[in-house]
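In what follows, a structure is listed as structure tokens, so that the remarks can point back to it.
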Amino acid sequence: MPQLGFLHGRAWAALLGQLRRPPGAVCIGAVRSHSQDFDIAGHFDPMIPDAECVKIMCEILSGLQLGDFLIKMSWKDVRHEMVAKRGLAPEVADRIGDYVQCHGGVSLVEDMLQDPELSRNKQALEGLGDLKLLFDYLTLFGIAEKISFDLSLARGLDYYTGVIYEAVLLQTPAQAGEEPLNVGSVAAGGRYDGLVGMFDPKGHTVPCVGLSIGVERIFSIVEQRMKTFGEKIRTTETQVFVATPQKNFLRERLKLIAELWDAGIKAELMYKNNPKLLTQLHYSEDMGIPLVVIIGEQELKEGFIKLRSVASREEVAIKRENLVAEIQKRLSES
């Protein structure tokens, strides 16, 4: 099983901040307690921003290593859209309804384009043409195999106006021993061209498309799987804790932790002048921090630092000048 872990809020923000943004687009990344949103707003050629949003969704879910997933894609409330809003005859919409029971890739869209009933309607052809174009872009992005066109999909929010999509995890044979994960979709999104204009006093239309990642649901999945495989859930990325048994040793701890930070090692210390050593060791164990470096009067005098393995509680004395190299070695082997 791949190593699982959490992404901190700053990691989400960094990830979204590094995504390419087309000139003139307004991209909004906002860390929330329940979801992480990414949106593209502006007037662009059809399906280009939509395809990028789906690509971003794939990249995030793949990076989280949750297992195989499938992104279901459809058009908002298909029959109602076609009859009430686009003026299609009910018999044409009913013909679309025959396809609601089907799901598949671009071939399903192509079959609908060749349907004699649908091909006689301009609005139906335009919608299907957009979906075909979207699949073309997703193929160029190399993610078409992750997409399933499914007209039975219906998002619950009324403000969606076009393409909608949601990602679900697939139960693989390797995970057959796990308890069922009844968490629903782990990511979703779509096009909402009319929402922003509702808040503009002048009623300007601002086309938008976006996605949301279900952070709480993903945390639940990660937690359950780590418990299943006996892995301890870590809530920190700290690799080394800097401790001392001595009083009035804050300055030495600060010097030592600065050396570790400068070497790219994720380290922390207790924000107290005179913490008890047992309290520091218990904290390291509770937080799952793998290594502790201990500095005291004797170590300072002799030029050595104690390096403690939290798992085995084994301690060894390391020369101060060799400490960083030894820590990096142990971290690379873990």
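Every residue gets a Cβ built from N, Cα and C, even glycine.
Record features (TrEMBL):
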BINDING   ASP39, ARG155, TYR159, TYR160  L-histidine binding site
DOMAIN    76-218  domain 'Class II Histidinyl-tRNA synthetase (HisRS)-like catalytic core'
DOMAIN    239-330  domain 'Anticodon-binding'
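Across the domain 'Class II Histidinyl-tRNA synthetase (HisRS)-like catalytic core' (76-218), the model assigns an average pLDDT of 76. Helix first, then strand, then coil: DSSP counts for the domain 'Anticodon-binding' (239-330) stand at 41 helix, 22 strand, 29 coil. Local packing around the Cβ, expressed as the count of other Cβ atoms within 10 angstroms, is greatest for TYR160 among the binding-site residues TYR159, TYR160.
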